[in-house]
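Here's the structure we're looking at; comments come further down.
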Amino acid sequence: MMTPEPSQQEPPNGDGKDEEANRLLPSKSPSSLSPSSDEEEVAYESREKISIVDLEGETLESLDASATPPFSWKKLWLFTGPGFLMSIAFLDPGNLEGDLQAGAIAGYSLLWLLMWATVMGLLIQLLSARVGVATGRHLAELCREEYPTWAGRLLWFMAELALIGADIQEVIGSAIAIKILSRGFLPLWAGVVITASDCFIFLFLENYGVRKLEAVFAVFIATMGLSFAWMFGDAKPSGRELLIGVLVPKLSSKTIRQAVGVVGCVIMPHNVFLHSALVQSRKIDPHRKGRVQEALNYYSIESTVALLISFMINLFVTTVFAKGFYGTKQADGIGLVNAGQYLEEKYGGGVFPILYVWGIGLLAAGQSSTITGTYAGQFIMGGFLNLRLKKWLRALITRSFAIVPTMIVALVFNRSEASLDVLNEWLNVLQSMQIPFALIPLLTLVSKEQVMGVFKVGPLLERVAWTVAALVIVINGYLLLDFFMAEVDGVLFGFLVNLFLNALLHMLEAPGCTLCFGSSEDILFSILEDELNTSTCHRIKGRIEWALVSNQIMQREVPCASI
């Protein structure tokens, strides 16, 4: 940002704060004033940006720089788009799995937490948009400029890890949906290959402009909304319990894990980077205070509407599974892989079977989130590394980062539902570990006057933002601690079971042993079935499959009722 020329400067008003803040803005990026700045990576080329025209047909550049124009529905429509692309991260397959598990295990009791978690997510995303609009640069670019090289590289590595983890979940979600809609004809790996084609769909749509791409995402969101609303209508959940669940906070020791999951999956690290870049798809001069404030106002409105819609879709999913499975023996074992099967058994076929409705909604969620993941990957890689690559090459590289490990995952973990559930837990842990590496830079930069100028957040909003960030980080820290403690217990348990099994095998198969109990494996799994509850049995099965796949014990399966 450059200091206005004398002919553009406003008359002194006795308060030099705005002028001083604007003067400080360019000091953060001397490179932007150099002749080589044209070679730097940018989120959108000037020709790709959408011009904002006022009611009289004048562009924003021709109007007074300091005044904020009055509200206009036409301008709101022109600014609508980035918030809906951002909201896709609140509707990805990982969130849907968290919704269905919260509903099945906790019933309606966590709906209030879902609502307030969405509000917290909205605050973080508005701050991300604020950074992008006020500075004219997205978060990855600012991290590269403001942090030392080693720190910037670390942040880039963490952002890429988070993106890969999220993308694997999204691609697997799409592959599961394709398997459902094909009635099992297409295996998981084939669904992954089909989903990988979204990279080329993305490139094709991007050639037709930003608005065409935003329209496609609007169709995806509408498809999810209609699909899950249809399920909501079929299930007919209790309106009274739904309202109580939203308005009355309830939390018990039995539902603490689901509560942590509801809050933990709201903040997606790659989404924080993505939104700060998406808002730059409109032509906004960051030197003009009134135009920046106008853009922030419109983006706040459209982001709020977008996340309200995403909240309603998440609410539909949670209540459908709360009505159908809360308090049942299937509740502990339900997941993204077997949810469609359970829905079909519970609600039957009908004119349009609920299994296919679920599959369509899940496919829309998976496809839309993988495309936004490709989008986010381009901004993250380009911003941190300042790479000037052709779009097709950059998208191909970004897509390969996720598709290659996802294909490996699909082939290795396609043996059972339990192993996929354990994989999903590990991916959630991976993303939870990355959250501080996105939130801390965001809140640091948005509070820095040298970066934000007059749009630096005030003390109250800064405290609220840091409180929300600390809450999210602590909650995810609890999730990490709980998970690793469970994993340590599981590994130790598996080790002890392995020793016990080997001793048992030797005793039962020793010469002269005449005890007729059947095979030693039958004895072991009979003991497991009798001594362990359904939930523990299901989790142990998955962990044994993962960690002890080469052991003889894996020749038989634990007969869990939930699988």
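From the backbone N, Cα and C atoms, a Cβ is placed for every residue, glycine too.
Features of the protein shown, as given by TrEMBL:
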COMPBIAS  1-11  compositional bias 'Polar residues'
REGION    1-41  region 'Disordered'
COMPBIAS  24-36  compositional bias 'Low complexity'
TRANSMEM  111-133  transmembrane segment
TRANSMEM  154-178  transmembrane segment
TRANSMEM  184-203  transmembrane segment
TRANSMEM  215-233  transmembrane segment
TRANSMEM  256-274  transmembrane segment
TRANSMEM  295-317  transmembrane segment
TRANSMEM  355-376  transmembrane segment
TRANSMEM  396-414  transmembrane segment
TRANSMEM  426-443  transmembrane segment
TRANSMEM  464-485  transmembrane segment
TRANSMEM  491-508  transmembrane segment
- Query: So, do the transmembrane segment (154-178) and the transmembrane segment (184-203) meet, by the test of 3 or more Cβ pairs under 8 Å (sequence gap 6 or more)?
  - Reply: yes
- Does the transmembrane segment (111-133) come near the transmembrane segment (215-233), with 3+ Cβ pairs under 8 Å (pairs 6 or more apart)? no
- Positions on the same chain near the transmembrane segment (355-376), where near means CB under 8 A and six or more residues out: 85, 88-89, 91-93, 96, 163, 166-167, 170-171, 173-178, 180-181, 195, 198-199, 201-202, 217, 220-221, 223-224, 227-228, 230-231, 234, 270-271, 273-274, 278, 336, 339-341, 343-344, 395, 398-399, 402
- Query: Where else in the chain does the transmembrane segment (464-485) make close Cβ contacts, counting only residues six or more beyond its ends and a cut-off under 8 Å?
  - Reply: 120, 123-124, 127, 257, 260-261, 263-264, 266-267, 425, 428-429, 432-433, 435-436, 439-440, 443, 446, 457
- Task: Give residue numbers and ranges for long-range contacts of the transmembrane segment (256-274): same chain, 6 or more residues beyond its ends, CB-CB under 8 A.
- Result: 85-86, 89-90, 92, 94-95, 98, 101-102, 105-106, 110, 113-114, 117-118, 120-121, 124-125, 128, 138-140, 158-159, 162-163, 166, 372-373, 375-377, 379-380, 383, 428, 431-432, 434-435, 437-439, 442, 471-472, 475-476, 478-479, 482
